[in-house]
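Pulled from TrEMBL:
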TRANSMEM  A:28-47  transmembrane segment
TRANSMEM  A:53-69  transmembrane segment
TRANSMEM  A:76-95  transmembrane segment
TRANSMEM  A:101-123  transmembrane segment
TRANSMEM  A:135-153  transmembrane segment
TRANSMEM  A:173-198  transmembrane segment
TRANSMEM  A:219-238  transmembrane segment
TRANSMEM  A:267-290  transmembrane segment
TRANSMEM  A:344-364  transmembrane segment
TRANSMEM  A:370-389  transmembrane segment
TRANSMEM  A:401-432  transmembrane segment
DOMAIN    A:455-568  domain 'STAS'
REGION    A:572-603  region 'Disordered'
COMPBIAS  A:593-603  compositional bias 'Basic and acidic residues'
Number of protein chains: 2
Amino acid sequence: MRERLARYLPCLEWARHYDREAAARDGLAALIVTLMLIPQSLAYAMLAGLPPVAGLYASILPLIAYTLFGTSRTLAVGPVAVISLMTAAALGPLFPAGSAAYAEAAMLLALLSGAILLAMALLRLGFLANFLSHPVISGFISASGILIALGQLKHILGIRVDGENAAELLLGLLAALPGAHLPTLAIGAGSLLFLFLLRSHGARWLRALGLPPRLAGNLAKAGPVLALLASVLAVGLLDLADAGVRVVGAVHGGLPSPTLPSLEPTLIVQLLPAAALISLVGFVESVSVAQTLAAKRRQRIEPNRELVALGASNVAAALSGGFPVTGGFARSVVNFDAGAQTPLAGALTAVGIAVTVLFFTPLFHNLPQAVLAATIIVAVLSLVDLGALRRTWRYSRQDAAAMAATMLGVLLLGVEAGILLGVGLSLLLFLWRTSQPHIAVVGQLPGSEHFRNVERFAVVESPKVLSVRVDESLYFPNARYLEDRIAELAGQHPQIEHLVLMCPGVNLIDASALESLEAISARLHAAGIQLHFSEIKGPVMDRLRASDFLDHFGGQVFISQFEALAALDPQTTRQAMAQRRNGHAPQPATPSPHKDNHREKRP
Amino acid sequence: MRERLARYLPCLEWARHYDREAAARDGLAALIVTLMLIPQSLAYAMLAGLPPVAGLYASILPLIAYTLFGTSRTLAVGPVAVISLMTAAALGPLFPAGSAAYAEAAMLLALLSGAILLAMALLRLGFLANFLSHPVISGFISASGILIALGQLKHILGIRVDGENAAELLLGLLAALPGAHLPTLAIGAGSLLFLFLLRSHGARWLRALGLPPRLAGNLAKAGPVLALLASVLAVGLLDLADAGVRVVGAVHGGLPSPTLPSLEPTLIVQLLPAAALISLVGFVESVSVAQTLAAKRRQRIEPNRELVALGASNVAAALSGGFPVTGGFARSVVNFDAGAQTPLAGALTAVGIAVTVLFFTPLFHNLPQAVLAATIIVAVLSLVDLGALRRTWRYSRQDAAAMAATMLGVLLLGVEAGILLGVGLSLLLFLWRTSQPHIAVVGQLPGSEHFRNVERFAVVESPKVLSVRVDESLYFPNARYLEDRIAELAGQHPQIEHLVLMCPGVNLIDASALESLEAISARLHAAGIQLHFSEIKGPVMDRLRASDFLDHFGGQVFISQFEALAALDPQTTRQAMAQRRNGHAPQPATPSPHKDNHREKRP
C-alpha cells in the first residue's frame, strides 16, 4: 500500500528519511532561492504581460505541487523567461496586456498546459518531446533570448516601442532612441552594468572579502535583490517616479484566493496550440535540467512522473492567479549548489515567497521597471549561445540548417512559428536523409567469408549473383528509393540470375517497404532474376513471417551472405576462398583508412 | 547537343527509332483509350463540379505535354477520380459548383499544381512523396472510392442530397430514398448493372463470340461508350429529359482557346495547400503506375523527369480550360494492354478527344447524368480494397492504424483532413517506434569472438565491462531514450568500470544524439564509469571526427567488440575463448529458433 502510494507521491520516499541536517540544508537553499526568485518572478510576470504579483503567485502553489509529485530532488519550478515570452506571444494578440481578461486567459493557458502534461503522462506520450530535436531547442532558446532582450530595451531607455518581431523591435528602438528618458536610462544602464559585473566577477570579489566559495557564489546570484532594494530606495529618496521613471506602482498584496478561470470553449480552442507548445518546451527544458542535476548525485528522475509533477504545478498555477510555469535552469542550479537535499527546499521557498506577498509588496511600489528589465536581460543573454550554430554546422549541415531556421523563424515570425518551422524542417531533413540510404554492391574478400563494398576493397564478384547491402531500415521514407536503386543495379548487371539483399543494417521493414519488396521481387522476376535475402535480424524475420511475402516471393533467406553465395554460385565462392592459399591477402582497392577500416585508440 | 536536349525531351529518344509498326500499334491503342476516355472525362468533370467539356479539354493538351516530357512509354494522363474529388473538395467551399468563377479556380488549381510539381523537380524534392506512406495512400484511395460512390448515388436515384462527409451523405440518401425518380433510377441502375457485368464477364463473353482475347479485353473496357450511346438514344427516343431525367444539356463544342486564369493572390494562398496535396497524391499514383508498367517491358522511368512531365501536363490543363490531371491507373493499363509502344499513343488519343470536342459534343446533350454517375461508381469501386486493412493489420498494427485513421479521416472529415491525419499519425507512430530502439546487453559466446544478447544465449559477461548493443540509428527520436536506458543499465550494474556501446546497427548519429552521448559520457564519468565504442561504421566515424567529442570523452573506439573486451578485461575474454577447448559448445539460453538463429530455405 505504502509502495503504491509512493509511486504516485514520490515525496513519501524521501520524507521517511528526513532529518535535521537535511532540513538545515534545505532551509538555507530555500532562503537563497527565495532571494533570487523575487526579482525574477516580478520580472517574468512583466515579460508575460501580467501584473508583477502574478509572478509571485506563480512561485507559491506550483512549488508545493512539485514538492509532492516531483522525482527530482533539486529542481526549482516557477515562471521562466522562455515560457513567459511564449505566454505573451499567445495572449498579446487576443487581449490588452494588463487587463483582467488577459490575466484570466493566462490562468486558462496554465490550466490547459497542466491538462496537456497530465494527459501526456496518462497516455505515455512523453516521447512527443522528441519532436523537439536538440538543434531546434537550442536555436529556439538563443533566439528567444535575443528577442526578449530586444523587447526589454525600451524599459531601459524609458521609451515606447511596439514590434512583433526582432526586425521591427530593432528599427523601433533606433527610431525612438533620441527620445530616451535620461533618469530611467541612468537607473537601467546602472542596473545592467551592476548585474553584469556581479554575474561575471561577483563571486570572486565576495571570496576576496573572505566568504567561503560556495556562499560567495550563491550570494552573487541573489544579487538582483540588491539592485532591487537600492533602486527602490533611490526612487523613494529622489522622487524619481515624479520625474517620469516608470515604476511598478501599487501591488495588491495578500495570498492568492483559489479561483478557476472561466472555461470558454472558443478561447480554449484558440489557446490550445500555444498551450501544447508551452507544455512540450517546458517539459523538455525541465527534464534536461533535472536529469543533469540528478546525475551529479547519482540520483534518477522518471520522465513520466515529471510530466505529472509539471502538470500538477501548472494546474496549481492556474488555480492561484498565476501563469504557465516549468523547471528553471538558473534557479535549479542555485538550489542544487546551495545544498538543497529534498524537494522540501521548494516548499520552503514557496513559504518565503508567500511571506513576501503577505508583508513586503508595499516595497515594490517604487520599483523601477528598468531594473526588472535589466534583470531579465542579464538572465536571458546567458542563454544565448550563437557558437552552437557554428559547432553544429561543423558536425552536420542538416542539423545546423534546422537550428538556423528555428532562430530566424523565432526572430522574424514569432516563437510558435519558429518552433514549428524548426520541427518541420527537422522532420523534412530527416526524411530526406533516410530517404536515400547507403546501398553498396559487395563482393567476397578473397580467402574469407566476409563481404565488402566493391568500390572500397579488392573483392571477388560472382558473375551470376549480385550481392547488395542496404545500410538502413527499410520504411516509407526510402521504400521507393530502394525500388529505383535495385532496378538501376539490375539494369547495370544484365547477366545476373540472382540478387541477394544483405540486411545486417535493417532494423525494421514497415508495410510500405514490404509493398516495395513485393514490387521489386515481381519486377526482378519479370526480368528473369530471382530475389533472395541474407542476414535478416530476428525481430524483422518474425514480422516477415506474419505476412505471406516469404511464401510467394520464390527466393531463399540465408543466414549469411557467404551461405547465400555458397548455395547460388559454389564455384566462384570456392575459388575466392582458395585465393588466400595462393597468397593473395585481402587489400583495399583504394587506400581509405578513414572509411571502413578505421581504428581509434586513445589513452 | 542532341543528348542534352534528349535529357529534357525524352521524346527525342524514342522518336529516332519510330517506325510504321509502332505507329500502327500506337494508333490502335489510342483508339481504344479514346473510347474509354470520353465517358470518363465527362464523368470526372462532373465529379469535380465542372461542366462536362472541361473533362474533354483536360484530356487534350495535357496528353500532348506528357508525350513531349514523359519518360514512361505507356502512361496515360488526364482527369482521374481521386484528383477530381480533391478538386471538388478544394473548390466547393469557395464557389458555387458550375459557376464561371469555379471553373476559373479549377484552372488556377491546375496551374498551381503544375508549378509545384515543376518546383519539386527543380529542387529535387521528389522525396517529399515519401511522406505519403503506402498504408496512407491505400487507405486514402479506398476511402475516396467509397466517398465518391456515395456522392454519386444521388444521380442514380434522381434525388438531391447534400452532405460534406460519408455519414451525412448516407443519412441524406436514406432520408431522400422514398423520393427517388423512377425513370432516372431505371436508367442509372440499368447502366450500373450493365457496366458491372461487362467489367466482370464482358471479356469472357466477347471471347466466346470468337474475338481474340486481347481485343475482347480491351473492347470490354471501352464498354461505357456503349452505355453512353444507348442511353443517349433512349433519352432522345422516349423524351425522357421531359420526364424529369437530368441530362448533361448543351455542351459548348469547339477546341479550348488558350487562356491564363487570373492570378489573384488571396485565392492562390487559399488554394496552395490543396494544390500541394493534389500534386503529391497525383505524383505518387502516377509514378507507381508508370513504374509497374515500365518493369513489365524492362523499361525505366525517371521520377524526377516525371515531375517535369506531370507539371507540364497540369500547366497545359490550366491553359486550356481544364483542371488538375495525373497519370491514371485504368487507362494506362488499357493503353499498355492495347499495345501502345511510345508516348505518341497519348498524342493520338489527344487527337481523338479533340475530334470528339469538335464534332460530337451535340451527341452529349441527351446524356443522362445517371449514366455518368454509374461510370464513376463502377470505376471507383474497383479501387476500394478493404482487405488491405486486414492484411496490413496482420503485418504491422502501427501501419494498419495509420491506414484506418486515413480512411476514417477521409470519410468523416474530408479528403485533405484525412490525408493530413494519416501522414501525421504515420510520422508520430514512426517516431514512437524508433524512439524506443532495441537495446541489448551482450556477452561473449564461449569459444568465439562473437557477442550475443545475454537474454537469448548462454554467454560470458565481464564483471567490470558492460557491453551494450544498440539496434538503431541514434537521432533525435531516440536520443533521450538512450540517455535513460544507459543510466538505468549503469544503475543495475554498480560494479562496472567500463561501458562499451556496440554500434553495428547505427547508420547515423545526428546532433541531438551527439549531445546525448556527451551527456551520457559526462554522467557515466561522474559515476566513475568510462564510456567506449565499438564497431562504428565508416561514415558515422567520419562525422564524429568532425566534432570534438572523440577528443574529450576519454574512452576508446574499438574496431570490434572482441577487441574492446580483450583490451579492457583480458582475463575474462581469455577464459571465454578457452571454454570451447573444454568442450562447451555455444547454446541458446532459451530455445528460440525463430529469433536470432533463424534460417530459411525454400526451393
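Glycine is no exception: its Cβ is also placed from the backbone N, Cα and C atoms.
Remember, predicted model here, so these are calculated numbers, not experimental data.
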Interface check, the transmembrane segment (A:370-389) with the transmembrane segment (A:101-123), three or more C-beta pairs under 8 A: no
Interface-richest range of A:28-47, A:101-123, A:401-432 toward the transmembrane segment (A:135-153), CB pairs under 8 Å: A:401-432
Cβ contacts the transmembrane segment (A:76-95)/the transmembrane segment (A:173-198), at least three under 8 Å, sequence gap 6 or more: no
Beyond the flanks of the transmembrane segment (A:401-432) by 6 or more, those residues with Cβ under 8 Å of it: 85-86, 89-90, 131-133, 135-136, 138-140, 142-144, 146-147, 164-167, 273-274, 277, 281, 388-389, 392, 477
Long-range neighbours of the transmembrane segment (A:344-364), counting only residues six or more past its ends (CB under 8 A): 14, 18, 22-23, 25-27, 29-31, 33-34, 37-38, 41-42, 52-53, 56-57, 59-61, 63-64, 66-67, 70, 74-77, 232, 248, 251-256, 335
Beyond the flanks of the transmembrane segment (A:28-47) by 6 or more, those residues with Cβ under 8 Å of it: 53-56, 58-59, 76, 78-81, 84-85, 88, 148, 151-152, 218-219, 221-222, 224-225, 227-228, 248, 323, 330-331, 334-335, 338-340, 345-346, 348-349, 351-353, 356, 364, 367, 369, 371-373, 375-376, 379
Residue numbers, six or more beyond the limits of the transmembrane segment (A:101-123), whose CB comes under 8 Å of its CB atoms: 48-51, 54, 58, 87, 90-91, 94-95, 259-264, 267-268, 271-272, 274-276, 278-279, 282-283, 304-305, 307-308, 310-319, 321-325
Helix-strand-coil residue split for the domain 'STAS' (A:455-568), DSSP-based: 54 helix, 22 strand, 38 coil
Long-range neighbours of the transmembrane segment (A:173-198), counting only residues six or more past its ends (CB under 8 A): 150, 153-161, 220, 223-224, 226-227, 231, 234-235, 240, 243-246, 368, 370-371, 373-375, 377-378
